[in-house]
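Per TrEMBL, these features apply:
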- 225: active site (ACT_SITE)
- 259: active site (ACT_SITE)
- 23-419: domain 'Aldehyde dehydrogenase' (DOMAIN)
């Protein structure tokens, strides 16, 4: 989702964004001088990134706990370990990735040799979100470093504790080639007025449009990793408890603030009646009798998003959960039923621990429902027969998980890591 909030002072000792040109100039000169091209340099920077993760592990865990209420285990599996694995993979594979790839010649080029050589873009800006503030900052940074780019890194100002730790990053990297800059939406807009050679943005479609418009002014290539409403179709042939366990685990992980998590369920009325007690059982298993005291349930990032989510609890009817406490930014794992397609909860990505159930008569109606909405980032389908393939064949999405509510989290690491 988008980054809006308080404005922090820029890092690297910059008094104002007027001096941003000096930082840009320094990074461009380093790239033009060829500093980032040797494999030895890239490996050294990746190793420095690994040192940052290792040396600051406890500080990172504490920051993620303050920002999002993540337990050390959640911070490790969804942020720190994934980043370290990406660093290790890049170091192990870098020589192979950098090799020229020979290609076949045709009649016109028969007397020549032809090959593909991978070249870095140049100066890259990475604009990170707040929901996985370390993961979605470091993963694209690994890809940018491995490809031989200079990088300007813009962490989210909303996850303010993790943002502060991002200021430490240049100490572990070559500061002539890498910089971190802090600030809010206004400062980010000022950054994007400058020409970059590549933009990597993770956030909401609304802000993605603004970033893409800024990139178009300079014809800058761009990656937009955006959110959306991810449907989950459940066929009558499924075991409801298996579905509930898999969907609930991923839906409520990080307090539902995951862009590829199932956003709503489509199922028959009969399956809904079987799913509700199964979801209640799964929530009890994962978070106990009082989810508020569970170390495994995170918190909403700030008061603004808490208020937004609290408003969505009025849609349809609360079948499970629904409790909230503003002072702790706590919303219980919630299931809504009797939800209409026109309700506010179905008009935007929920990005919280709320799961609406909508009933459909059959698979064809579910497919029609999915296809008349915006293309989802992820799509899930549960079935014990070949009908699950029909969902995949008749719809379009960024990624598909069949009989698994967690599969796409693994797949999503590939574009984010730039591999």
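Using N, Cα and C of the backbone, Cβ positions are placed for all residues, glycine too.
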State the Cα to Cα distance, in Å, between residue 259 (active site) and residue 225 (active site), rounded to an integer.
9
Summarise the model confidence on the domain 'Aldehyde dehydrogenase' (23-419) as a single mean pLDDT, whole number.
93
Counting every protein chain present, what is the number of Cβ atoms, excluding its own, within 10 Å of the Cβ of residue 225 (active site)?
20
